[in-house]
Amino acid sequence: MEEHIQIFDTTLRDGEQTPGVNFTFDERLKIAKQLEKWGVDVLEAGFPASSTGSFKSVEAIAKTLTTTAVCGLARCKKSDIDAVYEATKEAVKPQVHVFIATSPIHLEHKLKMTQDEVLTSIKEHVSYAKQFFEVVQFSPEDATRTEIPFLIECVQTAINAGATIINIPDTVGFSYPTEYGEIFKQLTQAVKSNSKIIFSAHCHDDLGMAVANSLAAIEGGARRIEGTVNGIGERAGNASLEEVALALYVRKDHYGLESQINLEETKKTSDLISRYAGIRVPRNKAIVGQNAFSHESGIHQDGVLKHRETYEIMTPQLVGVNTTELPLGKLSGKHAFAEKLKALGYEIKLEDQVTLFKQFKEIADKKKNVSDRDIHAIIHGSEHEHNAIFQLDNLQLQYVSKGLQSAVVVIKERNGQVKQDSSIGTGSIVAIYNAVDRIFKKDAELIDYRIDSVTEGTDAQAEVHVRIIINHIEVTGIGIDHDILKASCKAYIDAHAKYISEYELKEGIRT
């Protein structure tokens, strides 16, 4: 195979460390399938030893994917490595990612180990991992704050023990492009190996240089880039993989190497992660933001109309942004709807299409044109409600007095059982959320509430995102409906359901 830049996606592991992001089991599977469709080389599916839930997710992903390598994270602990092996053993290409911190501040304050003890641990655990895995990746955590001589010693020890991939994490986003690229040059020149070693870059965005550092690493000899979709991750996030992939494509004249990313799946992948994570993509976000291909200046508009390349270095179609969609309407039939689903890349069973078509007709009766974004919302909303353990069955609101509202909420469980309660509050939303809290017998704190319109216009569907805290645990919820209050109620129920399914029904799973 011709040499290319490997894309190592850690959206489901490092990306899920974003505050408030808790993907469900089903969401992780759907994300994994879409990432494979997008064309990532390796998917870091999770940290199997951290919890039973994480183990089961990694195991399910390993059994599901057909072309993408599945990797699990492990500390320098044999039990961690054993967990990765058990979780990924049915993957088509299993990999393990072993790490230990190497910087002075981590050795002194976190590990309380000497440099010699760290070297011994690297040798012991990388060689142990090599007994089970053909591909072993080693990461010296906080590498960019590690003295270069010791970093070289750690890397050489890992290679001697059997590591085939060396990842250099800029764990706290401390480095800058010139410095980071130079680290790779020094390492590739200093280490010795009888077999091919792939160097990998893992950058955080604390100083806003994660993508620039990743590209500098390629110039320094890296052939694998790690990151997340939309750059999600703890603190300021990780390197945005869609930006890396497009930079390699657009500037192949400079880098000379491309990724194997299916660029046309980029926007769809970004939208999926945004919806499940509950994190809106900024309008001015490179590649996938709403303004990425917009031109406000009259001079720019005139130039683009005369010749697109005057102000655009890539086309919207390249990343899967459809600018020539033909909207459906209330007169559109089942065949036209089925063809639209197919054109949008969905493979949906005929019996499921019947339900979706009914929802489409309900929306078409309320608005003149049903756009592609409406169709996406119908499908994702339907999938979300189908997999939900609780659904909104009925909502009634009534004005009481002095600004107080009364809300009656009826919720149906998956087993058919119905729960109902009522409450009052200073406004409709407060009343609704108080009633839901009473149903679930939870004292939840609402910390974020956001309404997005699925499309433009007064007849748009509302997509509500909420973040709540229950028992010091932060969870998110999504609700879609033409009625903003119903969408708000659905989102709040969804957040409660996520907490219950992840932290109560599976009590003891997470650590």
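One is the number of the first residue shown, and numbering goes on along the chain from there.
Each residue, glycine too, has its Cβ placed from N, Cα and C.
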Which of Asp9, Asp14, Asp437 belongs with His202, His204, Asn238 in the Mn(2+) site listed by Swiss-Prot: Asp14
Packing count at His204 (Mn(2+) binding site) (other Cβ atoms within 10 Å of its Cβ): 26
Cβ packing number for Asn238 (Mn(2+) binding site), 10 Å threshold: 31
Collapsed DSSP category at Asp14 (Mn(2+) binding site): coil
Local confidence of the prediction over the region 'Regulatory domain' (391-511), expressed as mean pLDDT: 88
Binding-site residues compared (Asp14, His202) - the one with the fewest other Cβ atoms within 10 Å: Asp14
